[in-house]
Amino acid sequence: MSGPHRTFSFEQRGDGEAHSSFMDHAMHPQYDDVSPISNMSSSPGHMNETHHGLASVPEDNHQGWGQARGPSPSNRTGFTATPEMDNLGPASVGGGISGIALGVANSHDRLSGVEARRGTDGQEANIPAERGYNTTGSDNPYIPAPPDMGGYGSSETLHPRQSYGSNVALGAAAGPAGQLTPGHSATHLGTSNSSQRNLYDAPYQSAGGLSAGPYQRHSAYSSNDLPLDINPEEIADDGDDGFAPAGNSRSSARRSQAVPAAAGGAAAGGVLGGIGGLFNNRNPAETSYDPVPGAGLEAGEKSQWVKPKPSTGSRKRGWIIGAILAVIIIGAIVGGAVGGTIGHKDSGDSASGSSASTQSASGDTDTNGDLDKNSAEIKALMNNKDLHKVFPGMDYTPWGVQYPLCLKYPPSQNNVTRDMAVLAQLTNNVRLYGTDCNQTEMVLHAIDKLDLKDMKVWLGVWIDTNETTSRRQIDQLYKIVDDAKDISIFNGAIVGNEALFRAGDNKITAQATLTKYMQEVRDHFKKHDIKMPIATSDLGDNWNAELVQIADVVMSNVHPFFGGIPVDQAAAWTWRFWQDHDVILTQGTDKRQVISEVGWPSGGGNDCGKGANCPDDTSGAVAGIDELNKFMEDWVCQALDNGTDYFWFEAFDEPWKIEFNTKNENWEDKWGLMDPARKLKSGLKIPDCGGKTAA
């Protein structure tokens, strides 16, 4: 989509941040979408109080890549990439870096369209810097500088999308049944303006500014109930399975609550989303695309949606359709409840054929035993010549680790073992998003059973507005680390994923709370003589000097796809954005810098920085196998050669995220290198980098 091109220049401020000024040039294309990479500024002047984080992000008019820059303030909107839910059932083939992310590069919930801009000052500059990109320079280590393209709109001209963690479901299907309890907490990461929230978006809103996380799947219905009036004050649960607070901006743009309960429930998630619009009246003129944080583990993490309100002339037809869909929903819920115990991602021709598709987690173990490296099924999975260990890290969230659903339908240890058997052929470094449902313990057990001596784990702690959830997560982290026989298997602990992004205009308060949690973890480790890096991950533009000071590692989510970046420029843009917004913040320190999420969808349409509003189907960032191959070709081996540290998002598709798809944006469930059954996608080629492997 064309639009005025903006040139930005930085003016160094006393606080170490850069201030951007810009000029509009009507002759150049502008990429106006929000990416999971964008983040929000703490400066109140850059953000409307009703917006959940969309703010202008200063960016300079770069002449070359990789050159030292002054720190860039983080004035972004929320995104979350990144995943962790297994609505498909405990026995589901665990190949899914479920959840948050896409969040994916910057984040976590994604949002586009009119809703993405709601609450902003109306200026195109109020967008994440990661969304746009400038012409490439000769300093880029990935690809030769291309000819002048006339200047692409900087990321500032892009609308932010919410990002997702790998544990976050991008679609309604991400929300498992049973997680209805609204979250509420006294201590939260920032308080958003609840008075401006639409009750349809979040009937039971959290007190905090952070939308629900990957662990919180929002659903309007439980596996046993149809829509009913619920008094959140009467619910005894801690609420981490409740609705994520939805703001009028990204977070508020939720579709109707939909929750697939089992493998067969993924499709039902889409139906639920449609029905929500019939059972509830809502005013938005356009449908917004934005997963709720908390529908998956990192879209927790994430999943309320908004459907257009039926016009008066179509009300009767709407009720008829609603009645029909209600019948389907009831069947889906009933089937989901049953499927929750049998959901299995297995496919007939997958290597895990020994596991019946109707098995529960315990049934899988009863039939196959506790899988290990000597199991025939595991040997087959670990002998895939098309997989190469060229990724420094992989974002991963096992299926079925959404609390409290996992209490009723426990995740499958064997599925985690199967996943790890595959992941071990891609990387020696796995990143988790949370500690609920024994997911960390299952990963450690799988590593032991498979004898993966080189495999390391980045522990994840999900932080959100619900203090009970955060407390449970942190306490479990302590238990895991304190009970570990050898902590050398841990590369570090990531406290929070895109917590600042989800805080919206309350980023300052959220950062204070986040750093408090980080310091608490640091103090605990010190007290127990545990030497382990402490970090947090957020949109690339959300990092600032204060956050860098308390973190041992700067971890940023960066997604070129949501910036509408053509794939032949994506690798260069990603590296440059990371260098100019994150790496530069660590100059003069010994802090490491890591891209915590980066990837490309294998299908579903194209994004021109403004969602699917492209003039044709070849403009902007195009999702596809060829494009995914191109991005890996330009990024993977070069990153391996120059030592760029990153986590790929992601290894496995997450089918439940289909609910987040729209008519022209059908990529939410297609970020994996493999399908849910752990089979490499047709035509996809993972670079072998001449035999070189990641450490």
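Residue numbering: from 1, along the chain as shown.
Backbone N, Cα and C define each Cβ position, glycine as well.
Note that the coordinates shown come from a computational prediction; the quantities given were computed from them, not determined experimentally.
What Swiss-Prot annotates here:
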ACT_SITE  GLU498  active site, proton donor
COMPBIAS  36-45  compositional bias 'Polar residues'
COMPBIAS  188-198  compositional bias 'Polar residues'
COMPBIAS  231-241  compositional bias 'Acidic residues'
COMPBIAS  349-366  compositional bias 'Low complexity'
CARBOHYD  ASN415  N-linked glycosylation site
CARBOHYD  ASN438  N-linked glycosylation site
CARBOHYD  ASN466  N-linked glycosylation site
CARBOHYD  ASN642  N-linked glycosylation site
TOPO_DOM  1-317  topological domain 'Cytoplasmic'
TOPO_DOM  339-695  topological domain 'Extracellular'
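Annotated features taken from Swiss-Prot, shown on the structure.
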| residue | record | DSSP class |
| --- | --- | --- |
| ASN415 | N-linked glycosylation site | helix |
| ASN438 | N-linked glycosylation site | helix |
| ASN466 | N-linked glycosylation site | coil |
| GLU498 | active site, proton donor | coil |
| ASN642 | N-linked glycosylation site | helix |
ASN415, ASN438, ASN466, ASN642: which of these glycosylation sites has the highest Cβ count within 10 Å of its own Cβ? ASN466
Count the other Cβ atoms sitting within 10 Å of the Cβ of the residue listed as 'active site, proton donor', across every protein chain shown. 45
What is the interatomic distance between the Cα atoms of ASN466 (N-linked glycosylation site) and ASN438 (N-linked glycosylation site), given in whole Å? 20
Where ASN415 (N-linked glycosylation site) and ASN438 (N-linked glycosylation site) are concerned, what is their Cα separation in Å, rounded? 13
